[in-house]
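Listed in TrEMBL for this protein:
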COMPBIAS  39-53  compositional bias 'Basic and acidic residues'
DOMAIN    70-97  domain 'C2H2-type'
DOMAIN    98-125  domain 'C2H2-type'
DOMAIN    126-153  domain 'C2H2-type'
DOMAIN    154-181  domain 'C2H2-type'
DOMAIN    182-209  domain 'C2H2-type'
DOMAIN    210-237  domain 'C2H2-type'
DOMAIN    238-265  domain 'C2H2-type'
DOMAIN    266-293  domain 'C2H2-type'
DOMAIN    294-317  domain 'C2H2-type'
REGION    25-67  region 'Disordered'
Amino acid sequence: MAPPQIKEEKEELCTSQEGEQLVLKKGTDTFILTPTNEENDRSEPEANRDHQLLSHNTPSRKTRTGKNSLKCHTCGAVFKNKYNLKVHQRCHTGEKPYSCSTCGKKFTRTSTLKDHLKTHTGEKPYSCDTCGRKFSRTSRLKDHLKSHRGENLYFCKICGKCLRSSSGLVVHMRTHTGEKPYTCNTCGKKFSIKADLTKHTRTHTDEKPYSCEECGKGFTTRSILLVHMRIHTGEKPYFCATCGKGFRTCSASLVHMRNHTSESPYTCNICGKKFSNKSDFSRHTRIHTGEKPYSCSTCGKQFTRTSTLNDHLKNHTEHVLSFCNFVI
């Protein structure tokens, strides 16, 4: 089945900033961007992907009326045309008029929405002629090609790691500096990568945009869905080199290997007890802290582990069944 395509209507570049709200309407085999409030101002030229930002210091160009209207009044950035200025101003206002009909995620421009849609369809139309690897964006293919040519690579001055893009180097440097510029508005937790923040916020909103076609179970990320699918397919791509046992995830195989090596990398700072996996270590520390993060939605009683909560929930279920039998 061919992946869905976005048909862009001419009105897309002509709606007013105040009333512009576009959503994806799913047709038979296409997604159509339809503005909910239209305006017949067709004087704005089409924008390119990079906003065509000139300079923060150069004099701004003037419109036909002579008014200085191409300069951002918030930061002073100057643009070639009205539409590019309008798109830029969304970084200040937070306006995201284009939304994904599958998961509801919103974007400031249609080009970014198009790239996002490929995460749902799995479409990777750009392939490397050298190794055949496929990509969803041309920018990622260009970065990949550098690995074959060995040119324009970016090296970390601290550890020497080689990155294929300047943006990748910026993100990598945060592992050394500890910088975490992305903050959760709900709990204040910080992240070094925007994608990690996006995944984290779904723990608060309970958003699960990726669902299993076999059982319908929803997941917060595509990677977790892929791991879940192995339950249905029986695939276990990770094997123990010592006993040959197979596992669905790499982390599970690493934890298993510690049974052979007796490695216990997690140590309790209070009592000194050691553990081979992080989940057992986390449960143990709750004995000292008294933390009970799992609560019963019926009576409010709290527990240190999910298994104890599940056992407790059976008491409510059995009580309801007994009551129903008594009434009958």
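Glycine is no exception: its Cβ is also placed from the backbone N, Cα and C atoms.
Those TrEMBL annotations? Automatic predictions, nothing curated.
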Long-range neighbours of the domain 'C2H2-type' (126-153), counting only residues six or more past its ends (CB under 8 A): 115, 118-119, 162-165, 168
Mean of pLDDT values spanning the domain 'C2H2-type' (238-265): 88
Highest-contact recorded stretch vs the domain 'C2H2-type' (98-125), from 182-209, 266-293, 294-317, CB pairs under 8 Å: 182-209
Residue distribution over DSSP helix, strand and coil in the domain 'C2H2-type' (154-181): 12 helix, 4 strand, 12 coil
Contact set, same chain, for the domain 'C2H2-type' (266-293): CB under 8 Å, 6 or more residues outside the stretch: 255, 258-259, 302-305
